[in-house]
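Worksheet: one structure, shown below.
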Amino acid sequence: QGDNNNVVQAQLTTNFYSTSCPNLLSTVRSTVKSAVDSQPRTGASILRLFFHDCFVNGCDGSILLDDTSSFTGEQNANPNRNSARGFNVIDNIKTAVEAACPGVVSCADILAIAARDSVVLLGGPNWNVKVGRRDARTASQAAANNNIPAPTSSLSQLISSFSAVGLSTRDMVALSGAHTIGQSRCTNFRTRVYNETNINAAFATLRQRSCPRAAGSGDGNLAPLDVNSANTFDNSYFKNLVAQRGLLHSDQELFNGGSTDSIVTGYSNNPSSFSSDFTAAMIKMGDISPLTGSSGEIRKVCGRTN
């Protein structure tokens with residue numbers, strides 16, 4: 001099994017499309033840039049789509065498949081319903097890429113490249129994205145419900161859900177640093193800001209203002225995951241955790257007297273260490289169970305199979 005995985009992963013390369021679609025990277029970048037310029041939050045949404053894709057049967061574009069009368073995909077699974085965003089941006093990129101090189105580039109690869117571009121455009125580190133994935137013809141709502149870590153997760157649950165896809169505890173903490181950008185809904189942090197004690201009091205009060213205590217009231221009200229700089233990819237997420245200003249229960253679990261406290265402290269003091277670990281972890285996450293060779297297909301439209 002181990003050797004077999006390495007053979008599959010070796011088929012992803014950074015230059016997979018260098019002759020078949022030479023302008024791929026600039027085509028993706030310009031579309032992501034216009035989307036992020038008009039709404040910075042979109043960058044976080046695309047990054048999250050990639051994460052939610054990779055954690056469900058690998059980075060195979062399965063999250064992009066729309067539900068139909070005869071097909072149930074992942075978009076209405078609990079972690080995605082009313083919260084997964086950015087599908088329209090991926091569709092726009094796909095349209096542009098199809099015009100340049102029809103039938104060549106997978107939606108799974110477009111999502112992987114767009115996630116990198118989103119990080120870079122918001123001030124984060126750059127890396128070379130490995131490509132050569134193909135698109136799934138299936139999706140799994142059950143796997144999405146079971147495999148994507150919830151905002152209520154404990155530290156041990158976070159460690160085990162990342163470990164299940166071959167990511168280390170250090171990878172998990174680094175990837176959690178993606179919460180230096182983007183927004184979360186009141187329904188995901190209400191219990192923390194009203195009931196938990198390992199939270200800065202002024203921060204809790206601030207977040208309560210836009211998140212009523214009663215469930216069902218203001219559930220969709222948004223707050224930044226990083227109170228300092230929600231549209232800048234930096235290491236302030238970790239500084240927030242040290243100050244007990246993590247928005248989600250699962251965020252603060254990373255710095256709460258447990259085994260990951262020292263990693264959080266390290267990243268809060270050393271932004272370059274966070275950047276290099278984040279890029280390494282993103283590349284590792286992009287290697288989760290890709291479809292290659294003759295598996296899957298190259299979708300013409302990301303929302304449906306051919």
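Positions of Cβ are set from backbone N, Cα and C atoms, glycine also.
A disulfide bond in TrEMBL ties CYS54 to one cysteine from CYS21, CYS59, and that cysteine is CYS59. Of the cysteines listed (CYS107, CYS211), TrEMBL assigns CYS211 as the disulfide partner of CYS186.
If you check the recorded positions ASP53, CYS54, ASP60, GLU74, CYS101, HIS179 against ASP226 (Ca(2+) 2 binding site), the ones with a Cα inside 10 Å of its Cα are HIS179.
Per Cα geometry, ASP53 is the residue among the binding-site residues ASP53, VAL56, GLY58, PRO149, ASP234 nearest to CYS302 (disulfide bond). Apart from ASP53, VAL56, GLY58, ASP60, SER62, GLU74, the Ca(2+) 1 site neighbourhood in this chain, defined by C-beta within 8 angstroms of the site C-beta centre, holds HIS52, CYS54, PHE55, ASN57, CYS59, GLY61, ILE63, ALA136, ALA139, SER140, ALA143, ALA144. Other than THR180, ASP226, ASP234, the residues of this chain whose Cβ falls within 8 Å of the Cβ centroid of the Ca(2+) 2 site are, in sequence order, GLY177, HIS179, ILE181, ASN228, SER229, ALA230, THR232, PHE233, ASN235, SER236, TYR237. The Cβ of CYS211 (disulfide bond) lies under 8 Å from the Cβ of CYS186, PHE189, ARG190, VAL193, GLY218, ASN221, ALA223, each on the same chain and at least six residues away in sequence.
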